[in-house]
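See below for the structure under consideration.
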Amino acid sequence: MTIALGKFTKEENDLFDIMDDWLRRDRFVFVGWSGLLLFPCAYFALGGWFTGTTFVTSWYTHGLASSYLEGCNFLTAAVSTPANSLAHSLLLLWGPEAQGDLTRWCQLGGLWTFVALHGAFGLIGFMLRQFELARSVQLRPYNAIAFSGPIAVFVSVFLIYPLGQSGWFFAPSFGVAAIFRFILFFQGFHNWTLNPFHMMGVAGVLGAALLCAIHGATVENTLFEDGDGANTFRAFNPTQAEETYSMVTANRFWSQIFGVAFSNKRWLHFFMLFVPVTGLWMSALGVVGLALNLRAYDFVSQEIRAAEDPEFETFYTKNILLNEGIRAWMAAQDQPHENLIFPEEVLPRGNAL
């Protein structure tokens with residue numbers, strides 16, 4: 001019996017090894033295996049968005065002008081969602097709707113599904129890029145884990161929410177004013193601001209901004225350079241080998257301010273990671289709930305009392321009336337294909353009126 005010792009060696013010209021060597025080579029812009037997903041998808045998503053906002057109308061899907069060619073500016077231009085009648089069709093260029101006609105495909109809203117799907121895979125490719133680079137230089141993968149927060153929000157808002165509704169029509173269009181319209185829609189039809197998952201998301205994002213500002217200011221406050229005292233600008237010298245700020249001084253400062261302070265850098269920075277990412281995850285979970293039409297908090301007793309007593313009104317009941325107003329006024333404007341008509345007497349008014 002023959003026993004072979006050592007590693008099994010492949011042929012030198014193995015195609016996988018050649019590709020791996022080229023993709024992961026040290027260059028100015030790292031490509032990597034993740035780049036095979038990231039770069040094409042990012043290119044097509046951005047290219048589709050610039051094309052749509054420059055040339056493509058939303059007249060056939062929303063009855064709106066949405067391109068620079070029609071007179072919109074950066075804040076009002078958008079790549080709009082497909083018509084409600086198209087439901088959840090992928091709207092492939094070669095599909096039964098467009099039948100290979102590029103003009104018809106753009107008119108039907110095909111660019112929206114094109115941008116949304118390529119954008120989602122582009123974001124996933126960027127997260128995989130962070131995993132791949134972290135593995136290459138032997139780092140932990142927390143950057144990629146952190147980036148899962150924005151991905152979760154994007155996928156939940158642009159893909160899962162409209163999948164739970166009647167079609168892509170109810171997703172946000174890709175534009176600044178279009179996103180604002182979608183926020184108003186979320187408030188009017190889902191009372192989103194009173195949703196506990198939205199509250200957790202706001203706490204996470206604003207809390208992270210506060211932590212970031214405090215952390216940056218504290219590090220700047222305690223910069224030092226050995227032998228030169230507290231000289232902020234000399235401490236920026238990148239050739240200094242030692243640590244450039246004093247954790248001990250920072251701890252003493254915040255202990256006096258709040259009575260408590262972080263004494264461990266790892267816990268401090270994990271907390272700065274945990275707060276925003278958890279907030280984004282919670283927001284994404286909330287939007288998934290809205291896709292299923294789960295309700296936010298309802299304080300029915302206040303609504304009943306406000307209906308019975310003209311002198312009783314709370315900020316909650318006023319907001320509920322505002323939501324009714326948004327629904328009544330917005331539905332007719334936002335869904336012209338439904339031919340909704342609300343007579344004046346059914347439009348909501350506050351108790352003062």
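Residue positions begin at 1 at the first shown residue.
Positions of Cβ are set from backbone N, Cα and C atoms, glycine also.
Per Swiss-Prot, the features are as follows:
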BINDING   HIS118  chlorophyll a ChlzD2 binding site
BINDING   GLN130, ASN143  pheophytin a binding site
BINDING   HIS198  chlorophyll a PD2 binding site
BINDING   HIS215, PHE262  plastoquinone binding site
BINDING   HIS215, HIS269  Fe cation binding site
MOD_RES   THR2  phosphothreonine
MOD_RES   THR2  N-acetylthreonine
TRANSMEM  41-61  transmembrane segment
TRANSMEM  125-141  transmembrane segment
TRANSMEM  153-166  transmembrane segment
TRANSMEM  208-228  transmembrane segment
TRANSMEM  279-295  transmembrane segment
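Overlay of Swiss-Prot feature records on the structure.
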residue: HIS118; record: chlorophyll a ChlzD2 binding site; Cβ contacts under 8 Å, 6 or more apart: CYS41, ALA42, PHE44, ALA45, GLY48
residue: GLN130; record: pheophytin a binding site; Cβ contacts under 8 Å, 6 or more apart: PRO141, ASN143, ALA144, PHE147
residue: HIS198; record: chlorophyll a PD2 binding site; Cβ contacts under 8 Å, 6 or more apart: TRP192, SER283, GLY286, ALA296
residue: HIS215; record: plastoquinone binding site; Cβ contacts under 8 Å, 6 or more apart: LEU268, MET272
residue: PHE262; record: plastoquinone binding site; Cβ contacts under 8 Å, 6 or more apart: ASN251, TRP254, LEU268, PHE271
residue: HIS269; record: Fe cation binding site; Cβ contacts under 8 Å, 6 or more apart: none
Touch test for the transmembrane segment (279-295) and the transmembrane segment (41-61), at least 3 Cβ pairs under 8 Å: no
Residues from the same chain, set at least six apart from the ends of the transmembrane segment (125-141), whose C-beta lies under 8 A from its own: 24, 30, 32-35, 37-39, 41-42, 147-148, 151
Three-state secondary structure, which DSSP defines for HIS269 (Fe cation binding site): helix
